[in-house]
Amino acid sequence: MALLLFLIFVTLFILVLFLRKDLVNPTMLFLSSFLLSSFLIFYNRNNWDVSLNYRFFVYVLTAVFSFILGNMIVVFLKGIKKFTKKSTNDLILKKQAVPSKLLLMISVFATILYIILILRGINISSDIKGMLRQIYDRNVINNANNGFFENQMLKIVVAIAQISWFQFLLDKYYIKEGYKQSTNYINLLLVLIVCLVSTDRNILIRFIIFTFVLWILFFTSSVVGSIEKINFQIIKKAFVILIFGVVIFYYLGKLKNYTSNLERVIGLYGGSGLYNFNLFLSNEIGHTYELGKASFSNLFSIFSSLGFTTNVLEKVTFSEPIIFLSSTGFVYASNIYSSLRPYVLDYGYFGVIIMPFILGSLFEILFQLVKKSKYSFSWLFYAMMVYPLIYFTIDEQFFNRIHLGTLYEIFWLFLFYYYTKRKIKFIL
């Protein structure tokens with residue numbers, strides 16, 4: 001059964017690749033999540049004592065085809081109403097590609113301030129691993145809820161690094177002026193530092209996804225000629241980038257004194273979310289539908305803080321793990337769950353129909369805007385927002401991130417992007 005699931009996603013992945021002819025459309029990113037997870041479930045079938053529930057097959061395939069249907073409807077409607085592509089303004093793009101010393105100063109200041117704030121209450125010593133473990137344990141106790149100011153400093157550093165990556169790609173693939181990139185390199189290094197200090201590897205994963213998607217857009221548009229063409233150079237280079245990201249992710253975990261080897265880390269993080277959904281369905285006895293409180297818990301919390309009466313099903317960042325000893329002696333321990341579980345908790349089987357359909361429609365609309373506007377903010381916004389599709393088999397990262405934190409991230413990114421178009425000159 002595990003092999004059948006994997007082969008189904010291999011077939012769908014290849015079919016969509018040759019029909020749509022690009023690597024970063026919403027369907028491809030969505031399917032890549034299921035392709036990886038199904039492979040890891042098959043690969044670990046003995047260690048995990050894998051037994052797939054028939055409802056699991058039905059629910060998963062329903063979600064996938066609902067997402068694809070949402071894509072198809074938007075593409076069909078777009079075909080009826082012709083959109084004209086916006087022309088690029090090379091003068092503005094040339095200005096945007098110039099690395100900014102002001103953004104570098106802001107990023108350095110925000111990084112230093114973030115580190116000072118995050119180290120409050122931590123026993124300072126030469127043992128870096130021990131200090132990071134203290135920060136991580138505090139995050140677990142506080143449910144990853146640091147103070148407002150700390151969070152804003154972190155978001156500023158990430159947003160500036162995203163702008164730096166955009167400037168680097170813009171110069172490399174389109175403007176080709178050969179600007180010195182040392183400023184941008186420092187900004188990219190700073191985001192790695194704050195990811196390390198925060199002990200939150202998900203921030204790093206989201207940033208890697210952003211860099212990967214934005215690079216694909218630039219490479220295909222400028223080198224290949226269109227973002228809707230396949231070039232196998234991309235696959236080779238993309239593989240190198242992904243391996244680099246996995247290695248960094250693994251070693252950040254080692255710095256927090258995690259003892260799992262690389263194979264175990266990849267298997268449990270990449271595949272157990274979907275398999276945990278299978279275990280959830282197998283053990284489900286029946287429940288009262290939450291009607292949005294699981295999928296939109298953060299939004300319900302905002303309403304509650306404004307005085308509206310809501311009984312919120314609290315979303316806990318560090319969930320209780322599923323732990324068991326398999327017949328091979330492998331200790332299965334995972335506390336990540338796919339996006340499908342909250343959908344089922346809220347609406348039952350209908351949830352895996354309507355929620356993926358909404359996702360597919362929204363992201364396809366955004367992707368059509370990306371195709372319409374080259375080298376614009378829509379590229380940055382799309383690259384920033386697509387991670388819920390790749391995260392889909394791990395955790396719900398779209399509807400449950402409808403909160404003020406996401407708005408702050410968008411605000412900082414847009415603010416710094418706008419600044420690159422309207423630079424204030426400083427003599428340093």
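Each Cβ is built from the backbone N, Cα and C atoms, and glycine gets one as well.
The transmembrane segment feature in TrEMBL is assigned to 56-77, 102-122, 152-170, 182-199, 205-227, 234-252, 347-370, 377-394, 400-419.
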Look over the recorded stretches 56-77, 102-122, 182-199, 234-252 and say which has the most C-beta pairs under 8 A to the transmembrane segment (347-370).
-> 56-77
Long-range neighbours of the transmembrane segment (56-77), counting only residues six or more past its ends (CB under 8 A) | 1, 5, 8, 12, 16, 25-27, 30-31, 34, 274, 277-278, 281-282, 340, 343-344, 349, 352-365, 368
If you count Cβ pairs under 8 Å, which stretch among 102-122, 152-170, 400-419 touches the transmembrane segment (182-199) the most?
-> 152-170
Who are the chain neighbours of the transmembrane segment (400-419) in space, where the CB to CB distance is under 8 Å and they lie at least 6 residues beyond its ends?
-> 100, 102-103, 151-152, 155-156, 158-160, 162-163, 166, 295-299, 301-302, 315, 342, 377, 380-381, 384, 388
